[in-house]
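S.K.: Could you have a look at this structure, given as structure tokens, before my questions?
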Amino acid sequence: MDGAPSRVLHIRKLPGEVTETEVIALGLPFGKVTNILMLKGKNQAFLELATEEAAITMVNYYSAVTPHLRNQPIYIQYSNHKELKTDNTLNQRAQAVLQAVTAVQATNAPISGTTVSESAVTPAQSPVLRIIIDNMYYPVTLDVLHQIFSKFGAVLKIITFTKNNQFQALLQFGDPVNAQQAKQALDGQNIYNACCTLRIDFSKLVNLNVKYNNDKSRDYTRPDLPSGDGQPTLDPAIAAAFAKETSLLGLPVAAVPGALSPLAIPNAAAAAAAAAAGRVGMPGVSPGGNTVLLVSNLNEEMVTPQSLFTLFGVYGDVQRVKILYNKKDSALIQMADGNQSQLAMSHLNGQKMYGKIIRVTLSKHQTVQLPREGLDDQGLTKDFGNSPLHRFKKPGSKNFQNIFPPSATLHLSNIPPSVAEEDLRTLFANTGGTVKAFKFFQRDHKMALLQMSTVEEAIQALIDLHNYNLGESHHLRVSFSKSTI
């Protein structure tokens with residue numbers, strides 16, 4: 001990436017059949033693309049961005065993450081040209097594509113700065129977007145959303161919540177034009193490779209009313225807000241930075257229906273944000289990060305390495321568990337990779353296990369140490385490295401597609417033909433909860449849905465009965481479900 005910065009970038013090693021649109025798309029997340037010149041015979045192109053700053057962001061980003069077009073790596077560097085002078089007759093096709101892309105970005109965008117009273121707010125002009133995330137195999141957090149959407153303008157407020165077992169967010173820009181551009185550019189894009197697809201609509205609300213600044217909701221214009229239920233408040237320095245970077249926009253308040261703040265939502269804050277910074281649909285990217293989690297506020301009378309292995313095993317392959325010898329309400333859990341620890345943290349932090357709300361954070365440890373040979377640590381440390389119960393060992397395993405937040409409804413599979421509904425209802429009622437509903441899958445009696453009366457009861461039942469031996473060498477498999485009965 002040598003050479004002095006320039007708003008013109010030189011792109012090399014393009015696959016032969018690549019189109020102008022694909023090359024322009026490389027630059028769109030970083031700012032407005034103002035010109036393009038394709039050198040078809042040489043498999044090269046020049047891309048001009050509106051500002052040098054946008055070009056620098058783009059080059060810095062792609063120096064950390066190799067860009068791919070049509071599954072081939074391509075190379076981007078600053079050009080010696082300071083601007084592109086293109087002969088318009090030769091370059092008509094490229095200019096047409098560029099105009100089309102720019103027009104798409106600008107359509108329906110109301111004139112910047114109109115006040116709400118002047119322009120009756122139709123859904124297309126709200127500065128608030130409703131975002132649903134499909135195929136959420138990795139956690140997506142408020143910070144990730146802030147980072148991705150900030151490319152399009154000042155993000156003032158975000159509220160995240162889970163509805164119908166789907167992670168959703170409401171995100172308010174300072175200006176409806178920015179909301180329009182973000183929706184155009186991001187709707188249908190994947191945040192990570194092949195997953196976490198953004199589905200974006202305009203919200204009917206024109207203003208969000210945020211009560212707390214924490215990992216579920218944030219008002220970047222009001223760093224002074226409390227954090228609500230026992231969440232650590234924002235560091236004052238960070239708060240000041242937020243206040244500085246946002247511009248205020250007075251809009252009539254439409255309170256958000258229902259109290260959205262205290263719902264149980266992923267909170268894998270900064271680490272996932274760093275992993276996803278600008279990572280919109282970039283192929284071949286996997287967020288790395290710390291594999292060891294620190295779990296605290298455990299019920300020390302009840303908890304065992306095995307119960308932690310089973311619960312955390314829903315979100316990744318647990319390698320080792322250590323309950324701390326002199327602080328038995330805390331444990332270290334080592335997952336197979338950073339994605340899995342993010343996933344477990346975002347789904348299990350704030351859930352109830354054995355009657356206590358557990359806290360899950362990333363640990364500073366890189367690995368969990370096993371006790372030295374011959375030392376008995378009362379069975380507090382267990383190595384599960386070779387466990388046959390890992391759900392995600394096989395690459396591309398179906399289990400990756402069935403990762404859901406803890407829910408009252410459980411998905412059961414591997415049920416032998418001789419076991420009836422009554423047997424399963426009794427078995428699950430014995431875990432200390434109430435079975436509210438049960439239904440075998442129509443096509444396949446090996447599988448069923450079973451609903452407990454609370455999420456906490458379902459967590460308990462999963463810990464007690466996942467891998468339970470139902471006879472005929474069938475071991476029951478239990479996971480959380482996104483369906484309800």
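Placed from the backbone N, Cα and C atoms, the Cβ positions cover glycine too.
As listed in TrEMBL for this protein:
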DOMAIN    7-81  domain 'RRM'
DOMAIN    129-205  domain 'RRM'
DOMAIN    291-365  domain 'RRM'
DOMAIN    408-483  domain 'RRM'
S.K.: What is the pLDDT of the domain 'RRM' (291-365) when averaged and given as a whole number?
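M.R.: Summarising the domain 'RRM' (291-365) by its mean pLDDT gives 94.
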S.K.: With DSSP helix as H/G/I and strand as E/B, how many residues of the domain 'RRM' (129-205) fall in helix, strand and coil?
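M.R.: So the counts come to 22 helix, 34 strand, 21 coil.
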S.K.: Could you count the residues of the domain 'RRM' (7-81) that DSSP puts in helix, in strand and in coil?
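M.R.: Helix/strand/coil tally for the domain 'RRM' (7-81): 27 helix, 26 strand, 22 coil.
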S.K.: Please list, for the domain 'RRM' (408-483), how many residues fall into helix, strand and coil according to DSSP.
M.R.: 20 helix, 22 strand, 34 coil
S.K.: For the domain 'RRM' (291-365), what does DSSP give as the number of helix, strand and coil residues?
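M.R.: Helix/strand/coil tally for the domain 'RRM' (291-365): 19 helix, 24 strand, 32 coil.
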